[in-house]
C-alpha cells in the first residue's frame, strides 16, 4: 500500500470522498476536526463546496496529504470514528502490476512497389535476438477488419482503420455500411499522389531536408517547418523524442493522432493532408495558415494590426464549434490554447495539434500522469482539479476554451513570468471573492458579477469600441467555462454566437473601421451611465426601458439563456439611434429608490441573514465563533 495519501491514485479516492461527502454535518465536522485544527482554513475548505461545487473531503485530504499524512493514519482515523465503509474501500485497493504495452509497429510498405516506413527500434532489436516480431499492418479495403492490429490504448471502430488510410474506396453498395465511419478527410488529397501517404523523399525535398531556415516554431513534442510542393505551401510537423519520453512514444503518438485527425472533418478543425512514417522521422502534413496563430495576432507579433472585435468574436465562435464537434465524437483535445488556434487567409479559426485522447471507457484510464517540466507551459490552460487529480474529462477542454476567450477579451497572455500572478486564470479567478461579496451576486449569479468586474478592469482597449453589454456577455461565457463544473458548450456557444450576430448586423450599418479604436468607450456614441452600479439591477429593470426605446432593431435568436443579452443589446442599439433621431428618454420616477444609502455593514448583515434563512449559511459563519 502507498505510504502517503498523495501517492494514492485519484480514482481510489473517488469513492471514499463521495462516501464522506454524504455524511451528516456533525459526522463530517468530527472527522475534519481530527485532520485540521485551523478554523479559518476549515471554513475556507467548507466554502469551496458552496462557491466552486467541489468535494470538500477531497480538498481536506489534499490539504492533509501535502503535510505528509500517511494512508495508515487515514485508515486508523476512519476506523476510530467507525467510518468502516470508507476505510474498507481504501483497504481493498491493491496496486495493479505494471503492464508494458507492446509498441505498435508500422508497415514495411504501404504500396507493393514503394516501401515507406520501417518497423520500430524495439522490433529491430527483437529480430536481432532471434525473437519473432509482431507487425501491426494497415490492411487494404478488401482485408478483414479483424486482422487490423490496434494499440491497446486506442480502440476506434475496427472499420475505421483500414478505410481511413486509403482513398481508393469501393463505390459499390457495400460501402454504405461504412458511411458513418469513413472519414471525409480522404477527399483532401495531397499533391504527392492519389493518397495521403507521402514518401520520405517527397518530404525531404519539400522541406529542404528540414532546413532550419524553414522552421516556423518549436514545441515540446514536435518542430514545425514550412515547405513547398509543386508551388503550394505546406506545413510539416516533425515529431521528436523528449528527454523524459518513454521508448516508442513517437510511434504511439503518431498512430493515435493519425487516427483522430482522419476521423475529423469540420471547417474549424485543421485538416491533415498527408503523413509520412519514415525511417528517420515521423511527420504530418497540414495546409499552410497564412495568418499564423491566434496568440501571435493577439500579441501583435510581426507588426500585425490588432484584431477588431467582430473578428475576435467570430474566432471564439469557431473555436467553440470545433471543441463541441470533437466532444460529439467522444474525442478530448486536451491541448486547447491560443497558439493552437490557427488562422487562414480569411481569419477562419482552425483548431490544431490534439494530444490524441479518446474518451476512455475504463474508469481507471481517465487519469493521466504528466512530467512536470513538460506540463508547465500547458498549466496556464488547465483547471486546478485536473492538476491535482489528473482526471482527463471534457471539462479540461471547456476550461481551456474559457482561458482562450479571456485572452481574446482582455488581450492578456495566458502566462507571463514577469506578471504576478503568472497565470491569467489565477488573475481572473481572484475576482471571485469580491464578486461573491457583491449585493447583486445572489440575484444575477456569481459569473455575471465576476464578468462585470473583469470588463471594468481588464477589457482590451486597442481593438476598437465594444458595447458594454456585449463585453459582459463574452466575459460571462468565459466565466462559465472557468467556474461551472458541468458547463454546457452549447450554452456558451449560444451567448458568443448572439454577440457575433449583433456585431455583424451593426458592422453592416456602420463599418467597424469607423469606430474609435483607441478607447473602450467612444465619446461619439452615447452611453447609459448612472451614478449607481447598474449591476445591482436585475433583468426586469432592463425590460422596463423598452417602452420608450427608439427604432426597433432585429432581435437576436434566443437560445439557452440568451434572453438577457437580447434585451441588453436592444438597449444599446436604441441608445445609439437616440443620438440622431430624438431626445433622451424620460426618467422613470420609480427608479429614484437607489438614492437610499445603506450602511455597508448593515447591508452585509442583511445578505447573510437571507442566506441563513435559505440554509446556505450556518450560524457560526453568520455571527462568528
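From the backbone N, Cα and C atoms, a Cβ is placed for every residue, glycine too.
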From 237, 350, the one annotated by Swiss-Prot with 216, 217, 218, 219, 220, 221, 222, 223, 224, 337, 338, 339, 340 for ATP: 237
Fewest other C-beta atoms within 10 angstroms, as judged across 216, 222, 224, which are the binding-site residues: 216
CB within-chain contacts under 8 A for residue 339 (ATP binding site), separation at least 6: 293, 294, 295, 296
Number of other Cβ atoms within 10 Å of the Cβ of residue 337 (ATP binding site) across all protein chains: 24
Residues of the domain 'Death' (13-94) by DSSP state, where helix covers H, G and I: 62 helix, 1 strand, 19 coil
Residue, out of the binding-site residues 218, 220, whose Cβ gathers the largest set of other Cβ atoms within 10 Å: 220
Mean of pLDDT values spanning the domain 'Protein kinase' (210-503): 83
Largest inter-residue Cα distance among 216, 217, 218, 219, 220, 221, 222, 223, 224, 237, 337, 338, 339, 340 [record-listed ATP binders, Å]: 18
